[in-house]
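K.L.:
Below are the structure tokens for one structure; questions will follow.
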């Protein structure tokens, strides 16, 4: 009974894992990169590199100036939105949407990035997605309908959860072998690497997979909400009470009581810095001012928000200021998943744990193929399944880092005046990935792995150089000016290049002694 | 304070590692005698719980998330040491103990 239970669980772990491992690798990879979403965006937008760290003491002044600018450039807009600079995004983002024309659900939206102190437009602002590309790729995939993509991601996550739990069950020596990594032992080493990368970050893996499902819970399990609410609109109104708009009065707004609202907010929120200011229907007497706080390190995803009457400055409603138990639980889980609360140390810890996840998936996938290949008899030809898995492994594990490097090259090298430039960067990403994947179908032996490792090493090592040649600033100047985010990006690129170089050398060496297949390489495969 | 939390966490996992007979032999050259392994385990658990409490007391819920990250890094470091240079373990132990003393002094004085 016991034996057959373990055998069943092993079977489940193997097949559930194998079926979705490449998609999961993509999701984990993109998710790990998204922990540095704003940092990548900053790197991708050289126009914002020289903005100094924003001091929250200037917030009131920035908001007042932004409103003046809105009154000048978009007096008839339906709503104005100010995204104030944060520790991670130094620029000021102003957005406004026009009144929808007949037959349209939403009006046209405009946005501009500005210097938060002078409110000047940033010169040479380039059209790029930056870190947002990876963020969207993580759950919306690409080139497909977002809802379909989310369903696919949902099922992959569900499979991941099953694989994780069955993995814990079949790993009998989970604590005994906690620190065990036996190198140069062929398959044994791969299994060790798989175990180590799963076990060291096990709380993270389970948390991220489970909370990942929770982020999509209203799509996955809509029934409870459907029971309670008549339609989506009523649910939405209760979840986001500040989105409800009062009917227009048709009377013009006399004066915007912004200062009164801000004073009230600062007094009652304990001087919490603001994250966002939204003014709805700024021309009408029914106008409202919404102030969203920066939640900082609180384990809470939706920011506390205050809504004021724009004419009188009176407080109308608050949201998320005091949370119910359920809201706390839900918000806490989403906050843990997105890691928006994380300050640099924790952000790096998140990143390391994410990499461990990538290694876990990659080693699992590689191990399946290695095991089957080992079972082959001397003259036996590998079957279609094995070949397919090997190609997919190479195409995904080595293709994604290469494509990511290409995406960053495109950011630096594509001319800034190109039409639909942001989409072309994404196109470069997918073209390079497709090239690696097609090449992997043709050949996926050790030589191919070595070649792709070399290509990756070269690509990542070249990235700081190309960046240095195309924009102002380089590794040394970042260090001198204490631009740690940019310095970290370039240093990480070099680190990745070194890892790939080590991998290529290991693969080269182990070719001489075929008895000891590469073992460390899987560590380097991680990004 | 951050360092202190991490160092205690690392020390705890060093204890767990050395409490395993094969690692004990790797580092100290002989097999563990008597109930030293269970003593080590208890001490390590105390260290680990101490680290968690320190983390939560100083940083609340945020601290508990960070603590889990520290555990990951601590084990990763030890795995790397045992896979490559097990004899560095001793030096690491001295380094960690010394750093803990330094960090505590810094915390008490400043």
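Cβ coordinates are placed from backbone N, Cα and C, and glycine is handled just like the others.
As the structure is a computational prediction, the values presented were derived from the model and not from experiment.
Reproduced below are the annotations present in TrEMBL:
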TRANSMEM  A:12-36  transmembrane segment
TRANSMEM  A:149-175  transmembrane segment
TRANSMEM  A:196-221  transmembrane segment
TRANSMEM  A:348-368  transmembrane segment
TRANSMEM  A:388-410  transmembrane segment
TRANSMEM  A:426-445  transmembrane segment
TRANSMEM  A:457-478  transmembrane segment
TRANSMEM  A:484-502  transmembrane segment
K.L.:
So if I exclude everything within five residues of the ends of the transmembrane segment (A:196-221), which remaining residues of that chain have a CB under 8 angstroms from its CBs? That is, six or more out.
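P.N.:
Same-chain contacts beyond the ends: 31, 139, 147, 150-151, 153-154, 157-158, 160-161, 164, 167-168, 171, 174, 178, 180-181, 330, 333-334, 336-338, 350, 352-354, 356-357, 359-360, 363.
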K.L.:
Top stretch among A:149-175, A:388-410, A:457-478 for CB pairs under 8 A with the transmembrane segment (A:484-502)?
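P.N.:
Maximum Cβ contact count belongs to A:457-478.
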K.L.:
Are there residues at least 6 beyond the ends of the transmembrane segment (A:12-36) whose Cβ is under 8 Å from a Cβ of it, and what are they?
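P.N.:
Sequence-distant neighbours of the transmembrane segment (A:12-36): 131, 134-135, 137-139, 141, 152-153, 155-157, 159-160, 162-163, 166-167, 170, 208, 339, 342, 347, 350-351, 354-355, 357-358, 361-362, 364-365, 368, 389, 392-393, 396-397, 400, 404, 527.
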K.L.:
Out of A:149-175, A:388-410, A:457-478, which stretch has the largest tally of CB pairs under 8 angstroms to the transmembrane segment (A:426-445)?
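P.N.:
Between the candidates A:149-175, A:388-410, A:457-478, the best contact partner of the transmembrane segment (A:426-445) is A:388-410.
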K.L.:
Do any residues of this chain, six or more beyond the ends of the transmembrane segment (A:149-175), have a C-beta under 8 angstroms from a C-beta of it, and if so which?
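P.N.:
Same-chain residues near the transmembrane segment (A:149-175) but 6 or more away: 6, 9-10, 12-13, 16-17, 19-20, 23-24, 27, 138-142, 195, 198-199, 202, 205-206, 209-210, 212-213, 216, 219-220.
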